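Asker: What TrEMBL records for this protein is below:
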type	residues	note
ACT_SITE	Asp248	active site
BINDING	His14, His16, Lys100, Asp248	Zn(2+) 1 binding site
BINDING	His16, Leu17, Arg18, Asn42, His137, Leu220, His252, Ala264	substrate binding site
BINDING	Lys100, His137, His175	Zn(2+) 2 binding site
DOMAIN	12-304	domain 'Amidohydrolase-related'
MOD_RES	Lys100	N6-carboxylysine
Amino acid sequence: MTETLTIRRPDDWHLHLRDGDVLRAVLPESARDFGRAIVMPNLVPPVVTGDDLRAYRDRILQALPEGAEFEPLMTLYLTEDTDPEDVAKAHADGLVTAVKLYPAGATTNSASGVRDIDRVRPVLEKMAEIGLPLCVHGEVTDSTVDIFDRESVFIDRVLEPLRRDMPGLRVIMEHVTTREGVEYVKAGGDDLGATITAHHLVLNRNHLLVGGIRPHYYCLPVAKREIHRLALRAAATSGEGRFFLGTDSAPHPDHAKEAACGCAGCFTATNAMALLATVFDADGALDTLEAFTSLNGPAFYGLSPNEAEMTLEKAAPEGMPEKIDAGEDRITVFDPGFPLTWRVAR
Ligand SMILES: NC(=O)N[C@@H](CC(=O)O)C(=O)O
Ligand SMILES: [Zn+2]
Ligand SMILES: [Zn+2]
């Protein structure tokens, strides 16, 4: 008999859905397995006002396949011009679930992000007051800091001072990639959480660079040394409430990835749950998969877990596409480089 595992329907606490043809192509991939997702606002131009947010949410809802059980949880892109009152109004209207901090220049479409954290202080104070969490892309952009150190330097230079100054602010360290990040989150209070991607549980920097450069393994924050990957695996499989799944599934067309200057992002929406079940099983941790994918995230955000359930079965996935079509473009589905041993029962 096939071994199975039934868990509450998972959520994705960090997702890029983009817009237009790409939105229509990738949304069904997430809506199939996830009940809710925190939708990142780094469109071109970014989602900066309550009006932008409402319009983007409407476009997502329109692109949803018939009968899909999926709720987009929207985020505002924090800029130095963000108006605290506009944020408070979007919150009062039930439109916004979190605000996203991109240090200017840190990652894809982050040019409008924050250069001087002091300039967004009034917004952060308002968020602390109304209980609206801050999602953080935690990397410094200082060109003198090595790219592999940018997360740990961010913790010391930006995150720790920020949290000390804003005691009531709930913060999520998005896509944590280092042992230092994991330790920082563990040592924090209940107002600190972290998302972990599926791909950072299986990639270290050798996978990215040895034997030829693998553009589909390039994402930000970049995959680090093996000790960091192991720290992430231990955190994800620990069941600890501070760590939860944010796939950071980030579609880019193949021509933009397989290029002399390739874009950062791994597209994992299609197989994230099969990959996670495979990984948790390999670590003898299937009993904590539900906490990581379906319970810890809602608890941190003050929401209930999904009522619906998902059943996984220990068998090779069938019909998993290598690529999906988006208009004229093709998007490569993340290939971990080893066979998946679990799949979502359909
Ligand atoms: N993770 C990535 O490598 N890319 C993301 C941006 C981000 O989450 O930093 C994207 O929007 O493409
Ligand atoms: Zn990011
Ligand atoms: Zn992201």
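Here, residue 1 is simply the first one shown, and the rest follow in order.
Yeah, the Cβs are placed from backbone N, Cα and C, and that goes for glycine too.
Are these features on the surface or tucked inside, and what touches them?
Answerer: Classification of Asp248 (active site) by DSSP places it in coil, neither helical nor stranded. Within the same chain, the residues at least 6 positions away from Asp248 (active site) whose Cβ sits under 8 Å from its Cβ are His14, Leu15, His16, Glu174, His175, Thr195, Thr197, His199, Cys219, Gly265, Cys266, Thr268, listed in sequence order.
Annotation note: Lys100 (Zn(2+) 1 binding site) sits in a strand segment as assigned by DSSP.
Secondary structure from DSSP puts Leu220 (substrate binding site) in coil.
For Lys100 (Zn(2+) 1 binding site), the same-chain residues that are 6 or more apart in sequence and have a Cβ closer than 8 Å to its Cβ are Met40, Pro41, Asn42, Thr75, Leu76, Tyr77, Leu78, Leu134, Cys135, Val136, His137.
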Asker: Count the Cβ atoms, other than its own, that fall within 10 Å of the Cβ of His16 (Zn(2+) 1 binding site), considering every protein chain shown.
Answerer: 25
Asker: Around Ala264 (substrate binding site), how many other C-beta atoms are within 10 angstroms of its C-beta?
Answerer: 15
Asker: Could you pull the average pLDDT for the domain 'Amidohydrolase-related' (12-304)?
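Answerer: On average, pLDDT over the domain 'Amidohydrolase-related' (12-304) sits at 98.
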Asker: Any of the recorded positions Lys100, His137, Leu220, Asp248, His252 with a C-beta atom under 6 A from ligand 3? Give them in order, or none.
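Answerer: The recorded positions passing the 6 Å Cβ test are Asp248.
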Asker: Apart from His14, His16, Lys100, Asp248, which residues in this chain have a Cβ no more than 8 Å from the mean position of the Cβ atoms of those residues at the Zn(2+) 1 site?
Answerer: Leu15, Ile38, Met40, Asn42, Cys135, Glu174, His175, Gly246, Ala250
Asker: Could you tell me which of the binding-site residues His14, Leu17, Arg18, Lys100 have their C-beta within a distance under 6 angstroms of some atom of ligand 1?
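Answerer: Going through His14, Leu17, Arg18, Lys100 in sequence order, none turns out to be close to ligand 1.
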